[in-house]
Amino acid sequence: MILPAPHVEYFLLAPMLIVFSVAVAGVLAEAFLPRRWRYGAQVTLALGGSAVALIAVIVVARSIHGSGHAAVLGAIAVDRATLFLQGTVLLVTIMAVVFMAERSARVSPQRQNTLAVARLPGLDSFTPQLSAVPGSDAERQAERAGATQTELFPLAMLSVGGMMVFPASNDLLTMFVALEVLSLPLYLMCGLARNRRLLSQEAAMKYFLLGAFSSAFFLYGVALLYGATGTLTLPGIRDALAARTDDSMALAGVALLAVGLLFKVGAVPFHSWIPDVYQGAPTPITGFMAAATKVAAFGALLRVVYVALPPLHDQWRPVLWAIAILTMTVGTVTAVNQTNVKRMLAYSSVAHVGFILTGVIADNPAGLSATLFYLVAYSFSTMGAFAIVGLVRGADGSAGSEDADLSHWAGLGQRSPIVGVMLSMFLLAFAGIPLTSGFVSKFAVFRAAASAGAVPLVIVGVISSGVAAYFYVRVIVSMFFTEESGDTPHVAAPGVLSKAAIAVCTVVTVVLGIAPQPVLDLADQAAQLLR
């Protein structure tokens with residue numbers, strides 16, 4: 001008997017295949033290209049590959065009719081929601097690669113005429129040699145030689161590939177593989193910080209260990225669900241659950257599965273890794289994780305909830321209610337006490353997870369489209385905020401010495417008004433102030449939740465947003481209305497691409513607050529999951 005080859009829909013998979021091909025090409029470039037050519041080649045591959053993949057997403061989206069198509073024997077669902085999320089991930093990736101590329105070592109006088117390193121103004125957030133012991137002679141020699149980390153670009157593209165497959169997964173086994181593919185490179189990239197190496201490595205280790213535990217819970221949940229339903233496909237699980245009368249094993253499987261998904265989005269009580277990892281990781285990686293990972297993880301959560309779990313609606317909805325309330329409350333209250341800007345933004349991101357869960361709990365088309373819009377708005381604001389935080393350097397202005405201590409930011413907006421205004425815009429968006437994207441996104445998820453009967457959840461969300469405004473405004477007051485001290489940090493001058501990317505984030509944040517209807521319509525059209 002001849003085993004038939006599976007039919008692979010290459011056209012539908014083109015965006016994902018392009019990203020993985022770029023990642024493989026990046027690995028080959030590291031192996032075979034001379035060191036002096038690697039930086040330019042890696043940046044070109046990452047930016048060009050992401051742009052081509054984004055074009056492929058648009059082309060595939062224009063060819064999709066109806067609810068979408070299943071590919072690779074039903075393992076991948078290519079529908080409008082998948083393509084919307086993949087496009088968002090790729091937009092975030094393009095900006096993240098720009099910020100990663102900007103943080104390159106200063107060129108030493110001995111190497112001015114070589115192409116070994118990028119000629120950028122000392123914005124280096126990455127260690128020159130990961131294998132070197134922090135503070136060792138090997139590390140100092142690498143710094144003097146002007147070495148740069150180029151391995152992070154193929155690592156980032158591998159993670160992006162996993163992020164694109166994760167929300168498209170139509171069976172639990174594919175979802176688990178995608179989860180590991182997106183997570184493993186992130187564990188490594190979190191430990192690449194140039195400054196405070198030990199803090200960075202500690203953050204990477206915490207993320208790795210807790211991520212491994214959450215993956216184990218996820219996999220055990222997959223096993224229990226398979227035992228209860230006899231299938232791994234999400235539509236098959238839905239049909240099997242609808243026909244069952246005893247849901248005890250299935251509920252246990254769903255609970256364990258939820259641990260893995262809620263850990264990845266950073267919901268309470270699975271959020272303990274977020275502040276340490278966000279603070280310890282290089283700031284470009286922090287922004288990348290905070291935006292792209294949430295988009296992918298919430299996409300997977302939406303697919304599981306909306307496709308596989310409708311028969312268990314009455315069981316999972318009260319649990320998500322409690323988790324959303326805890327997440328909004330804990331994230332907001334804890335952020336109030338933070339004196340480090342990166343940790344404050346980390347706890348702020350926890351609170352935003354609660355707001356996004358409000359849209360998921362709505363469990364209706366309005367909730368799905370509102371969640372998609374929220375993810376877009378939040379991604380641009382988050383990338384812009386962390387990009388600016390990464391530009392704030394210690395009073396000596398030295399490369400790698402990022403200064404996120406809020407007490408040092410007094411008068412920063414007076415010294416660098418443009419940077420202060422841009423960061424203020426992102427903070428006001430996080431607070432949900434009108435005429436920013438944050439107001440429209442919060443209004444959309446709260447309205448969807450209220451229409452589904454979750455009025456108490458909306459009340460908690462509104463109160464949390466009001467409290468959160470305090471610590472956002474506190475940063476603005478410190479920058480503009482407090483006299484600068486002697487240790488006020490400097491704002492490093494980024495390159496043209498980084499300036500353009502930050503400007504794009506600012507413009508999108510404002511435009512989505514003033515004229516959000518085109519993106520709201522796009523999110524509404526994308527609110528179709530292949531069932």
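Heads up, the Cβ atoms here are built off N, Cα and C, so glycines get one too.
These come from Swiss-Prot:
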TRANSMEM  8-28  transmembrane segment
TRANSMEM  41-61  transmembrane segment
TRANSMEM  81-101  transmembrane segment
TRANSMEM  146-166  transmembrane segment
TRANSMEM  172-192  transmembrane segment
TRANSMEM  208-228  transmembrane segment
TRANSMEM  282-302  transmembrane segment
TRANSMEM  318-338  transmembrane segment
TRANSMEM  350-370  transmembrane segment
TRANSMEM  418-438  transmembrane segment
TRANSMEM  453-473  transmembrane segment
TRANSMEM  500-520  transmembrane segment
Do the transmembrane segment (41-61) and the transmembrane segment (146-166) share at least 3 Cβ pairs closer than 8 Å, excluding pairs fewer than 6 residues apart in sequence? yes
Top partner of the transmembrane segment (318-338) among 81-101, 208-228, 418-438, 453-473, 500-520 - counted as Cβ pairs under 8 Å: 453-473
Taking pairs 6 or more apart in sequence, does the count of Cβ pairs under 8 Å between the transmembrane segment (172-192) and the transmembrane segment (500-520) hit 3 or more? no
Check the transmembrane segment (282-302) against the transmembrane segment (81-101) for contact, please; criterion is three or more CB pairs under 8 Å, pairs 6 or more apart in sequence. yes
Look over the recorded stretches 208-228, 350-370, 453-473, 500-520 and say which has the most C-beta pairs under 8 A to the transmembrane segment (81-101). 500-520
